[in-house]
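**Student:** First, the structure itself, so that you have it in front of you.
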Amino acid sequence: MPTDFLFTSESVTEGHPDKIADQISDGVLDAIIAKDPQARVAVETLVKTGLAIVAGEVTTNCYVDIPKLVRSTICRIGYTDSSMGYDGNTCGVMVAIEGQSQDIARGVDNKKDQGAGDQGMMFGFACDETPELMPAPIHYAHAITRRLADVRRKQHPWIRPDGKSQVTVEYRDGRPARIDAVVVSTQHSDEVSNKKIQEAIREDVIANALPKKLIDNKTKFFINPTGRLVAGGPMGDSGLTGRKIIVDTYGGMGRHGGGAFSGKDPSKVDRSAAYMGRHIAKTVVAAGLARRCEVQVSYAIGVAEPVSVMVETFGTATVPEERIALAVRKTFGLRPREITEYLNLLRPIYQKTAAYGHFGRTEKEFTWERVEEKKDALRDAAKSATPSGGRRLKAV
């Protein structure tokens, strides 16, 4: 990778159609797991004008009023009137849910050692570009969309729930130097003028979301570049669970295994192992073992022990990379049950993750972001690790 380059990441607001779907799916998960922590949940949602469809597989001993939950989620997001093109009070709700396949359950529901809920590879990433140890482009893109939602609720009611941001950061010598371009698109009511939209987004959103030191007279701003965005939300585009996996993670800076998070209980390693990968990578960086770290973990369905573990530090490690990989295996348990217990994942914490990113957050529910407990232990383990044969460890 070159040391001087431009890198772009995007974010979307909670009112984006795909994020409505994610929040509904995670709302269903939370409602079930609050009553039955051992439930198996895999729920997908589709939203379109006047309609929400919830489908998937659930095995539980509890009852959840899914249509009521769907409506309350849509209304909380801000779609409460037909003038917005979508109304949680009146939209139709369809539910198509069956039990989990017994073939899958045999491998996962093992009382002695819970197997992975599916095969696959998951990635975790961290870098020292921001205090949250997240890449700068996605960090600032999320800052804009969170601020956009806040301004909508508190200051400018003509802003509608659907919105997007995009931030391009210029890197020099591999470090963020300035913001080169900012794109913001927001749904709005029909009567507001383009001039008012431009002023409000520039002064009340962007100016309060981005560091002034990264903005200069060459920074380019594109605010509602198509001119008008009245027909937004599910009226403008259909929304599906799991279509914003790059927004959910690292904005493209770190790799992604392809598995979405929302609507899945922690037995699905698509979610739990990705959270653990982030936790490990962040701990590596916080411990001063590297400035950038990516962790890959892979699993076979029904098997508890990971098939492989890989640690990559992109030439930024302060100790040999093989030692870091050995220290990771010594310090962290990577079996699904170990991950679930260590990160305390059997709680109704997931709807909050379904907008503005699963990583780089400071709320108490995001246990995978806490690194103080294992930081020193990992550093000590890396210093004392004894590599075998002097070769670089890629899989263990």
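Here, residue 1 is simply the first one shown, and the rest follow in order.
Yeah, the Cβs are placed from backbone N, Cα and C, and that goes for glycine too.
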**Student:** Quick check: of H16, H358, which does Swiss-Prot put in the same ATP site as D162, G163, K164, D237, R243, K244, A260, K264?
**Tutor:** H16
**Student:** Same L-methionine site as E57, D237, K268 according to Swiss-Prot: which of Q23, Q100, Q198, Q296?
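**Tutor:** Of the residues offered, the record points to Q100.
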**Student:** Near E57 (L-methionine binding site) in space, meaning Cα within 10 angstroms, which of the binding-site residues do we find among H16, D18, E44, G163, D237?
**Tutor:** E44
**Student:** Of the binding-site residues E44, Q100, K268, which one has its Cα closest to the Cα of H16 (ATP binding site)?
**Tutor:** E44
**Student:** Anything within 10 Å of E44 (K(+) binding site)? Look among the binding-site residues D18, G163, D237, K244, K264, comparing CA atoms, and list what you find.
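**Tutor:** Qualifying among D18, G163, D237, K244, K264: K264.
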**Student:** Let me know the DSSP-derived helix, strand or coil state of K268 (L-methionine binding site), please.
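**Tutor:** Looking at the DSSP assignment, K268 (L-methionine binding site) belongs to neither helix nor strand, so coil.
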